[in-house]
Amino acid sequence: MLRLSSMGFLVLTTIQFILGMLGNGFIGWVNGSSWFKSKRISLHDFVITNLAVSRIVLLWILLIDGILLVFFPKLHDEGIIMQIIDVFWTFTNHLNIWLTTCLSVFYCLKVASFSHPMFLWLKWRVSRVVVWMLLSTLLLSCCSAISLIREFKIYSVLGGIDRTGNMTELFRKKEKEYKLIHVLGTLWDLPPLVISLISYFLLILSLGRHMRQMHQDCASSRDLSTEAHRRAIRVILSFLFLFLLYYLSFYVLTSSYFLPATKMIAKIGEVIAMLYLAGHSYVLILGNSKLKQMFVAMLRCEPGCLKPGSKGSVYP
């Protein structure tokens, strides 16, 4: 018989999983079908498509982890399956975070306006900057996963020896080392957090300054432009809130090895993580005119609502 907390956890994760799959699947479907038909894709659409795919994988990983946590707690704590999930989670999570950072840098360089020579140099080379960031993203994600795989192999071998009754202390020591490396691996995610915060701070600063300048213009154009800028700032702030919430969730998840009430903390962390993975997909949809138009048309069951070719906003 499941406890009330476990039932609530399963209901929340299932709802968020479905919403996240629908939101991210929609983004991947629209951009993927457009890419397939036109044989080309913009850099912005390429980044958010890969971001959506990485989040779909993360949602599946979190769902499987949640099921193991509730129905197979021993396998969740000690099984080889859990270590394999850890490796996939580490790789996909790093990929997701760095792709999100690439997106924030793209928006900042594309939309913000500053006269500093360094900013202008980056702005003129925005495509090259983002492409190099994408390549670095793949490399860093692979490195983080490989470092965990190495410890996982030692941990697995000692686990097999431990089941024969030998080397118990060495096994426990390696188990603690494996978990500690898993926690310290979250430090890889501090640079993208700092870059994202700087990018969105500059973007909000630029939009706010532009809004103040528009007060000198005529009232009609000012009202329309001001509303558009306010909407963009609201979207950015919504994203930042979800992004920081996600950082909190996976720090809680990775630190839960060394905290009391591990299972309850892990459940809370997974619910928050899924909230971000599902919620930000709809922030992207509502903040992009192409995706928003097709999403609304799909909800209204309008024929031909997913025709590719229209251009959307560059706001997140």
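Note: Cβ is positioned from N, Cα and C throughout, glycine not excepted.
Heads up, TrEMBL stuff is auto-annotated, nobody curated it.
Residues or ranges marked as domain 'G-protein coupled receptors family 1 profile' by TrEMBL: 23-284. The average pLDDT for the domain 'G-protein coupled receptors family 1 profile' (23-284) in the predicted structure is 78.
According to TrEMBL, the transmembrane segment annotation covers 6-30 (among others). Sequence-remote contacts of a segment are chain residues at least 6 beyond its ends whose Cβ falls under 8 Å from one of its Cβ atoms, and for the transmembrane segment (6-30) they are 48-49, 51-53, 55-56, 59, 62-63, 66, 70, 267, 270-271, 274-275, 277-278, 281-282, 284-285, 290-291, 294-295, 298, 306, 308.
TrEMBL lists 51-72 (among others) with the feature transmembrane segment. Counting same-chain residues at least six beyond the ends of the transmembrane segment (51-72), those with a Cβ under 8 angstroms from any Cβ of the stretch are 2, 6, 9-10, 13-14, 17, 20-21, 24-25, 27-28, 31, 79, 81-82, 85, 88-89, 92-93, 95-96, 99-100, 103, 263, 266-267, 270, 273-274, 277-278, 280-281.
With a threshold of 8 Å between CB atoms, the same-chain residues lying at least 6 positions outside the transmembrane segment (97-122) that come near it are 43-44, 47-48, 50-51, 54, 129-130, 133-134, 136-137, 140-141, 189, 192-193, 195-196, 199-200, 202-203, 205-207, 210, 232, 243, 314-316. TrEMBL lists 97-122 (among others) with the feature transmembrane segment.
Annotated transmembrane segment per TrEMBL: 129-149 (among others), in sequence order. Sequence-distant contacts of the transmembrane segment (129-149) (same chain, six or more residues past either end, CB-CB distance under 8 Å): 43, 47, 86-88, 90-92, 94-95, 98-99, 101-102, 105-106, 109, 122, 181-182, 185, 188.
Marked as transmembrane segment by TrEMBL: 193-211 (among others). Taking Cβ pairs closer than 8 Å, the transmembrane segment (193-211) reaches residues 97, 100-101, 104-105, 107-108, 111-114, 119, 225-226, 229-230, 232-233, 236-237, 239-240, 243, 247 in its own chain, all 6 or more past its ends.
Under the heading transmembrane segment, TrEMBL lists 232-253 (among others). Only residues 6 or more beyond the boundaries of the transmembrane segment (232-253), in the same chain, are considered here, and those with a CB under 8 A from a CB of the stretch are 93, 100, 111, 186, 189, 193, 196-197, 200, 203-204, 207-208, 265-266, 268-273, 275-277, 279-280, 283, 286-287, 315-316.
Positions annotated as transmembrane segment by TrEMBL: 265-285 (among others).
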Outside the transmembrane segment (265-285), six or more residues from its ends: residues with CB under 8 Å to it: 5, 9, 12-13, 16-17, 19-20, 23-24, 26-27, 48, 52, 55, 58-59, 62, 65-66, 69, 96, 235, 238-239, 242-243, 245-246, 248-250, 252-253, 256, 259, 291-292, 295, 316
